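Colleague: Would you mind keeping the following structure in view while I ask a few things?
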Amino acid sequence: MLAHSGLCVRIHIDRDEHNDILAVTDWGQKLSFYQLSGKQIGKDKFLTFDPCCISYFPKGEYIVLAGSDKQASLYTKDGVRLGTIGEQNSWVWTCHVKPDSNFVVLGCQDGTIACYQIVFSTVHSLYKDRYAYRDNMTDVIVQHLITEQKVRIKCRELVKKIAIYRNRLAIQLPVKIVIYELTSNDASDMHYSIKEKICKKFECNLLVVCSQNVILCQEKRLQCLSFTGVKEKEWVMESLIRYIKVIGGPPAREGLLILKIFVDNQFPITLLKLSSSVRCLDMSASNNKLAVVNEHNTLLVYDLNSKELLFQEPNANSVAWNTQCEDMLCFSGNGYLNIKAGNFPVHQRKMQGFMVGYNGSKIFCLHVCSMSAVEVPQSAPMYQYLEKKMFKEAYQIACLGVTESDWRDLAIEALEGLDFDTAKKANVLVFVLIDSQERKKQGEDKNELFLADIMAYQGKSHEAAKLYKHSGHGSKALSMYSDLCMFDYAKDFVGSTDPKNSRILKTKQADWAQSSKEPRAAAEMYLSAGEHLKAIDIIGEHGWEDMLIDIARKLDKAEREPLAKCAFYFTKLKQHGYASETYSKMGDLQALLQLHIETWHWEEAFTFVEKHPQFKNDVYVPYAQWLAENDRFEEAQRAFHKAGRQNEAVKVLEQLTHNAVVENRFSDAGYYYWMLSMQCLDIARGSEEQRNEMLKKFEHFQHLAELYHIYHSIQRFMDEPFSSHMPETLFNICRFLLNNLHKEIPPGISKVNTLYVLAKQSRQLGAYKLARYCCEKLQGLYIPSCYQQSIELCSLAIRSKPFQDNEDLTENMMCYRCSTHNPLLNNQGCVCINCKQPFIYSASSYEVLPLMQFYLEDGISDEEAVSLIDLEVPKMDPRETYMQNVDSDELQVLRRDDGLDDTFEDPFTAKMSFEQGGSAFVPVKVSRSVLRLMSRRDVLIKRWPVPLQWEYFRSLMPNMSITMCPTCFKMFHSEDYELLVLQHNCCPYCRRPIDEN
């Protein structure tokens with residue numbers, strides 16, 4: 001039971017891991033905290049307003065309180081006010097914190113709902129190995145990064161700024177600054193006590209503490225205060241101050257790194273002037289070098305004595321010099337920690353966080369709100385100095401922290417470089433003693449072996465050999481003689497009774513011959529010793545093909561490694577035949593095929609695939625890539641297609657199409673777009689998931705292919721002085737193109753060129769009204785300067801002509817379905833303006849063909865339709881007149897049969913009828929009875945592959961001969977098609993060879 005004096009208006013229960021707490025507010029303007037047992041926690045917190053609502057944060061660390069003061073305030077869980085979240089125009093009746101977030105929602109008396117996001121910024125400070133940061137908004141934690149000790153300082157007020165320097169700690173609270181100091185001079189001491197308080201309210205962006213002063217920064221102004229609050233000095237800078245760092249100095253005379261300010265000097269010292277603002281900077285241990293990170297994330301390092309830029313590095317957001325080494329610095333950026341020693345290249349390693357300090361071998365990293373000390377081995381910079389024979393500098397780096405093997409390498413390198421002092425510091429003189437101690441541990445405590453080593457090091461090889469043999473280590477004597485190239489003594493030492501050691505000796509003698517620039521002798525010795533791999537390496541490197549093929553033929557096929565080595569060198573020496581022979585002997589089919597591919601012997605590769613079809617994809621894909629690299633893109637596309645690599649085939653075609661458009665090869669562009677459309681159709685046929693998308697691309701690419709195909713004629717007319725096309729053909733081409741350019745104009749196609757050509761041809765053919773229309777349209781477009789004059793002259797000349805078109809031209813635009821005469825340019829596209837029947841054009845002259853597309857009624861399959869059409873039952877039209885020959889008087893009489901029915905009508909013609917005035921297109925659908933009456937000679941069928949449906953067309957003028965390409969299904973006047981095929985030996989549209997099945 002909870003007993004509380006006053007009227008409670010809101011109660012909130014916070015359930016943490018340890019106990020439940022009740023936060024109680026009442027009309028007495030008090031805030032109280034109780035345990036569930038009824039015991040009050042702390043004292044009552046008096047408010048300045050009547051609280052109306054209270055809400056805990058999800059983890060219980062903060063409280064949102066609002067009421068009659070028309071604002072929402074943020075409190076700690078202990079009731080310390082931190083600040084105002086938001087102000088309103090009326091009382092705030094309710095507030096709530098979104099779970100697992102920092103969003104606060106307020107509900108007001110006037111019906112207003114407001115949502116705020118609270119952002120808690122990081123307040124921290126670092127000096128060498130001490131890091132201070134704000135916790136729970138009212139506490140400060142000081143962490144020793146080396147010993148990992150932590151101490152918490154409870155301020156019970158909002159902590160605004162923190163500064164730490166040596167034994168000083170400054171904390172800025174809302175109305176005062178508290179200065180703490182360490183209780184002892186121990187480097188690991190973590191006990192702080194209050195030294196002074198400055199009871200004033202300050203507004204500042206940055207806070208810095210020194211041994212006897214506090215520095216406040218507000219935008220461009222710096223103020224130096226004593227610990228008693230007296231302003232001693234003030235500096236005003238030319239630009240905003242973004243970074244301050246204390247670089248040390250005597251007490252009361254410390255230096256600040258901005259321009260370079262000493263707290264006992266009234267005048268700042270300008271170190272450098274930069275062209276961009278500074279994000280971070282640091283000075284080296286001896287104050288001779290300055291590292292700056294500018295706003296472009298570029299690290300700039302200057303020599304302060306000469307003002308010279310020493311080097312710069314990109315991708316930096318923070319930088320720090322090593323406090324124990326003058327020439328070492330590190331910087332972080334893009335998720336990497338970069339360590340640079342002197343003028344050597346940067347050594348990188350991945351790191352999460354923000355680098356803030358560098359002391360010895362430890363780098364201090366801030367990740368989110370956690371500071372950690374990362375131990376970084378200094379091996380990489382040490383080896384950089386060793387490569388330049390800078391042994392003393394390498395020794396200084398090693399003292400920061402390297403591994404035992406690094407010390408050993410330093411000692412050996414220094415000894416070889418005759419730097420005996422550094423070698424002595426690295427303990428190189430105790431190596432022999434360590435070696436003897438290891439022998440004793442292994443039980444090898446014989447003095448004879450130790451004396452033999454000493455003799456060998458002194459150059460007394462024969463005495464050493466006797467001691468080795470006497471101690472039972474004859475192999476060491478053999479190794480010594482071999483190392484000294486005393487092979488005669490080694491043979492005498494071994495004798496002829498030890499074949500194993502004789503073989504080893506031959507191998508070592510071959511090694512010596514190889515190092516002595518006698519490769520042929522070395523190869524022969526290796527062969528005699530049975531070291532085939534080494535012999536093959538020497539022979540292959542020197543290109544002795546005869547010796548190499550002799551070895552390959554003598555080797556057994558089970559010795560795969562030497563044979564593979566032989567084949568490798570044959571390939572390297574471009575001896576394809578020998579390499580093939582070797583791989584065949586091994587029976588390695590995959591390697592043999594790879595050989596054919598790598599050496600571009602494609603005929604052999606295709607012959608191989610015929611015998612072993614399982615390797616088909618392994619051949620065609622590299623073959624296609626080779627074709628593409630050799631600018632044979634069309635063949636490469638077919639090879640990719642044959643290998644089943646549809647994506648690569650499409651990419652090649654897309655690149656070819658783009659290049660053709662850019663180079664104004666529009667006929668090729670049309671052809672490539674047609675190939676792209678057929679490629680998409682193949683993909684749609686094989687993949688149901690991509691079917692709809694591929695069919696849309698098919699239709700789009702088919703449309704582009706036709707546009708680029710016909711625009712090729714217009715471009716040639718503009719570029720060349722003479723044209724192979726008749727004026728009527730160019731006239732029809734331009735009209736067809738403009739009728740299809742209402743939505744968007746493909747890249748490369750010029751509407752200016754099309755209108756200009758149409759205007760010229762219209763004027764020549766007597767279509768003056770259309771020519772005037774084209775000239776008016778051209779006035780609203782950007783016209784190249786080379787055509788400006790001719791277009792203006794054409795516009796003037798056409799005004800002298802009648803405002804009408806040649807009737808012969810308009811009659812050619814008659815619809816074969818409804819007999820409507822269509823305009824020469826149709827805003828609705830290539831369809832009849834009355835019945836919406838699409839026009840079928842000849843792919844050469846682009847005249848309207850007398851063809852009518854019809855569709856099958858439901859339930860009729862393509863196979864059934866073709867079989868019905870193929871029946872072709874002989875029939876006589878009852879409406880035809882019948883000629884009868886009369887013998888008398890040689891008179892030929894033409895008369896109609898009186899018994900015929902005058903009401904007969906062609907069934908297909910009846911299907912062509914439609915309702916006048918309708919806006920939708922009504923297709924012609926035929927039944928089985930109509931199909932039976934059709935003549936096969938009058939029907940053209942586009943037999944599209946699955947998933948497309950077949951398309952059926954009937955000729956309304958059977959006397960007109962029409963030819964359809966069986967590949968692209970484009971239709972031509974037969975005479976035009978035959979002429980174009982004779983000229984190009986292929987289809988003019990899809991380029992199918994005439995002799996192709």
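Note that the numbers count up from 1, one per residue, in the order the chain is shown.
Glycine is no exception: its Cβ is also placed from the backbone N, Cα and C atoms.
Per TrEMBL, domain 'IFT122 first beta-propeller' is recorded for 16-119. According to TrEMBL, the feature domain 'IFT122 second beta-propeller' maps to 124-371. The domain 'Intraflagellar transport protein 122 homolog TPR' feature in TrEMBL is assigned to 378-753. TrEMBL lists 814-851 with the feature domain 'IFT122 zinc ribbon'.
Can you tell me where each of these features sits in this structure?
Modeller: Note on the domain 'IFT122 zinc ribbon' (814-851): residues 709-710, 726, 728-729, 732-733, 735-736, 738-740, 742, 767, 770, 773, 805, 912, 914, 916, 919-922, 924, 940, 953-957, 960, 962, 970-973, 976-977, 980, 988-989 of its chain, located 6 or more positions outside it, place their CB under 8 angstroms from a CB of the stretch.
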Colleague: Across the domain 'IFT122 zinc ribbon' (814-851), what does the pLDDT come to on average, as a whole number?
Modeller: 87
Colleague: With helix taken as DSSP H, G or I, strand as E or B and everything else coil, how many residues of the domain 'IFT122 first beta-propeller' (16-119) land in each class?
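Modeller: Going by DSSP assignments, the domain 'IFT122 first beta-propeller' (16-119) contains 0 helix, 58 strand, 46 coil.
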Colleague: Just give the helix, strand and coil counts over the domain 'IFT122 zinc ribbon' (814-851), going by DSSP.
Modeller: 0 helix, 7 strand, 31 coil
